[in-house]
Amino acid sequence: MILFEPSRDSDFPFPLGSADEGGQMSTMRGKASKEKMCTFSSCVGFTRDAPSMYPKDTARTIAHELGHSLGLRHDTEECECQGCVMATGVDPPA
């Protein structure tokens, strides 16, 4: 099922949704292809916007997935700052 097909006129489509197509988003807040920001065929990310989520959580997830699309990886355990945008986990500290 194609939810969104990018066009040459779109920069980086980022649909928000609350549906859980096939159960894939049940434990994730978002998904984006790594290092695909400038690739026409894969420049899309998805974020789950559940009623239980606060707007700042949705915004943090979008920023996190945009980071992946630009090539950023998750923070390592050696990272000294806590709760950075690329932290792993569902609920990083605010």
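Glycine is no exception: its Cβ is also placed from the backbone N, Cα and C atoms.
Per TrEMBL, the feature region 'Disordered' maps to 1-31.
Per TrEMBL, compositional bias 'Basic and acidic residues' is recorded for 1-11.
Per TrEMBL, domain 'Peptidase M12B' is recorded for 30-94.
Taken from TrEMBL, the feature Zn(2+) binding site applies to His64, His68, His74. DSSP assigns His64 (Zn(2+) binding site) to a helix in the three-state reduction. Cβ neighbours of His64 (Zn(2+) binding site) (same chain, under 8 Å, six or more residues apart in sequence): Gly30, Val85, Met86.
Residues annotated as active site in TrEMBL: Glu65. A 10 Å cutoff on Cβ-Cβ distances gives Glu65 (active site) a total of 22 other Cβ atoms nearby, all chains included.
Taking all protein chains in view, 20 other C-beta atoms sit within 10 angstroms of the C-beta of His68 (Zn(2+) binding site). When other Cβ atoms within 10 Å of the Cβ of His74 (Zn(2+) binding site) are tallied across all protein chains shown, the result is 13.
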